[in-house]
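Reviewing the structure listed below.
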Amino acid sequence: MALETRIYQKENNVKIFKLLKQSLADIYSSRFLAKQLAVRDIKAQYRQSYLGIFWAFVGPLTTAFVWIFLNSSGTVKLSDTGIPYPVFAFSGTLLWAIIVESINSPTSSTNAAKGIMSKINFPKEALVISGIYKLLFNSSIKILLLLVFVFFYGIGFNWSLFLFPVIIVGAILFGTTIGLFLTPISMLYKDIGKIVSMGLKLLMYVTPVVYVIPKEGIMKTVMEYNPFTAIILTARDMVFGTSPEFLNYFIVIVLVCLPMFFLALLFYRISIPIIVERMSS
Amino acid sequence: MKEDEDNILVKVEGLSKKFCKDLKTSLWYGVKDLSTNLFGNQKQRQLRPKEFWALKDINFELRRGECLGLIGHNGAGKSTLLKILNGLIKPDEGKVTIKGRVGALIELGAGFNPILTGRENIYNNGAVLGFTRAEIDAKVDAIIDFAEIREFIDMPVQNYSSGMKVRLGFAVAAQMEPDVLIIDEVLAVGDVGFKLKCFNVLEELIKKCAVIIVSHSMPQVTRISTEIILMERGVIVMNESANSAKAIEEYYKLAGKSIKTEFGNGSIEIQEVAINGELKEVVDLEFDKSFKLGLKLRLFKPIEKLSVKVTFYDVEQKPIAQLSSINDNIIIHNINLDDEMSIDVEIEKLFFNVGVYSLHLVVRELNVHNKEVDILSLIRSVKSINVIGNTYYSHSPCLLKGSWKNNLTSD
């Protein structure tokens with residue numbers, strides 16, 4: 001019987017395709033682990049709370065309410081969005097929340113598994129995949145609520161609505177890729193996590209989350225270059241059946257993110273031992 | 001020869017690992033390593049400032065059916081070595097080649113979530129250990145029975161006692177079928193009955209694979225190991241086959257002396273303690289030869305009768321034998337109420353196993369009914385003896401002498 005042989009040494013395998021093959025093989029072999037971890041976390045999260053699923057969307061809902069109130073009370077004056085403002089604001093904050101959650105997901109999954117990572121050898125890719133499972137679960141709850149809003153405000157049904165989940169998957173891919181690149185460094189320094197969460201808060205204001213892109217000025221230029229804009233606007237267009245102006249930009253983002261995601265996965269894979277070494281066990 | 005080569009499941013060649021003493025520097029090196037890592041990390045690594053070798057030039061081989069016991073004091077590098085063998089961290093020099101499935105008994109119950117039930121957590125833990133769903137489905141009943149917690153299996157794990165948690169964790173881990181098994185001091189789990197069960201499982205496992213075990217319990221190590229490596233400050237000090245007492249003797253020598261502490265009510269002073277006429281702190285004694293203890297006391301108040309007790313402690317500070325004047329029905333008299341007296345006692349044959357033992361001495365006053373009353377003097381670790389001169393070593397502290405008969409070769 002031929003036994004599988006493992007060799008541990010300082011030098012890394014730099015042949016990127018061989019590394020990728022190993023990584024994918026590990027993802028495949030740990031598919032049960034990834035699912036089990038996601039199920040475990042989701043179950044535990046809801047078992048210890050009465051409001052349960054409510055917490056999945058309470059964040060974006062409050063942000064939306066604040067803006068709805070600011071707008072309706074005339075405190076701030078926003079340009080016309082073309083659709084009922086509550087739906088506009090809520091769809092924005094919801095999509096934003098999904099992207100932010102995706103960026104944080106790899107780091108938080110890895111952080112939560114710190115204890116076992118320094119004790120047991122298992123395919124670490126499972127952590128990333130289980131993070132994606134959790135994102136898909138949480139996002140689908142958010143989307144259901146958004147649909148309630150859409151029909152409540154009489155937007156009505158559009159065939160493009162079927163493309164909406166595809167856009168969400170794109171958003172999760174985009175966020176997870178960024179998150180994966182950040183994870184190794186943010187596992188070492190706590191500063192990174194703080195900078196990212198603060199940066200994202202600021203970034204929200206140069207993204208058409210709760211207001212539309214202004215007709216002119218510097219803000220218009222910044223917003224149009226901002227990749228987050230493309231994702232949010234394209235997703236929104238799918239819900240409301242408007243013509244997607246940023247569709248091309250969105251497709252470019254996804255096409256860039258696909259190879260980048262695998263690159264990030266490899267970076268993550270070879271970084272883990274260095275992180276484990278510096279973690280308390 | 002070829003076959004022998006095939007049987008080597010673990011091969012460690014020139015393995016070294018360095019660590020950094022300072023956290024901030026360590027993190028910064030981490031960032032640097034992250035980037036050099038991307039380019040294959042081919043450059044030779046030297047010690048950077050504030051770094052030290054946690055492991056240096058470790059070499060050994062292990063075949064199926066062999067068990068390597070790693071001993072050494074805290075910080076000797078044992079756990080670091082296990083982490084490298086387990087693939088958790090990378091070596092800085094050298095190479096580790098491992099064949100087959102690696103199982104680690106390092107942390108029991110990894111992946112448990114306290115809110116979920118025992119049954120759910122069997123799946124979580126099993127998944128982390130690399131089982132598939134089908135495998136766990138097939139084994140779940142065996143696991144529950146082994147852990148003996150069928151009654152509570154659908155209760156959240158946070159309500160389990162720590163013993164129950166560990167039992168469940170071990171029961172899952174016991175289902176592994178590894179080729180190489182790494183064990184780090186997890187055997188001291190549960191109550192006596194369960195411990196026995198664990199040992200049986202381990203002994204079954206050990207037969208089928210190559211085992212590396214880290215332990216501070218010498219009896220345990222000698223019981224299951226076929227080879228012992230003593231580590232100190234990241235290097236192998238000694239590599240012996242397990243029956244040799246040498247590595248263990250050396251380990252105990254490195255342990256350092258226990259500190260002498262003394263108290264009493266001030267009515268006597270122990271001026272001299274001699275073992276076989278020697279006054280040294282550690283006296284070497286030949287195995288199975290006589291042991292003589294001579295005490296010189298100075299008395300500050302008239303004391304008529306007293307008792308003397310000497311307790312022998314092993315290195316783990318467990319009492320293993322006692323010599324007591326009361327038990328020997330001896331009353332030590334001081335008829336003339338002198339202010340100085342000497343007491344001598346002899347053990348004809350001291351059949352302690354090789355190793356270091358410390359002596360605790362208690363002198364008590366006896367009342368008119370020959371009952372022990374005040375403690376006049378109590379000295380912990382008053383002396384140590386180092387038993388030498390026997391090539392046999394076993395994990396029990398005493399070796400008894402028997403007269404053997406065999407009906408086939410009877411005279």
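Any Cβ shown, glycine's included, is placed from N, Cα and C.
Sequence annotations record features per position, and here TrEMBL assigns domain 'ABC transmembrane type-2' to A:51-271.
TrEMBL lists A:50-70 (among others) with the feature transmembrane segment.
Positions annotated as transmembrane segment by TrEMBL: A:82-100 (among others).
Annotation source TrEMBL lists transmembrane segment at A:135-155 (among others). Residues of the same chain lying 6 or more positions beyond the ends of the transmembrane segment (A:135-155) and with a Cβ under 8 Å from any Cβ of it are 38, 42, 53, 56-57, 60-61, 83-84, 86-87, 90-91, 94, 97-98, 101-102, 105, 164-165, 168-169, 172, 175-176, 239-240.
Using a Cβ-Cβ cut-off under 8 Å and counting only residues 6 or more beyond its ends in the same chain, the transmembrane segment (A:161-183) has close neighbours at 95, 98-107, 110, 128, 131-132, 135-136, 139, 143, 192, 196, 227, 231, 234-235, 238-239, 241, 250, 253-254, 257-258, 260-261, 264-265, 267-268, 271. Among the features that TrEMBL reports, transmembrane segment is placed at A:161-183 (among others).
Annotation source TrEMBL lists transmembrane segment at A:195-213 (among others).
Tertiary proximity for the transmembrane segment (A:246-268) is limited to same-chain residues at least six positions away from its ends with a CB under 8 Å from its CB atoms, namely 16, 19-20, 23, 106, 124-125, 128, 167, 170, 173-174, 176-177, 180-181, 183-184, 227, 229-231, 233-234, 237. The transmembrane segment annotation in TrEMBL covers A:246-268 (among others).
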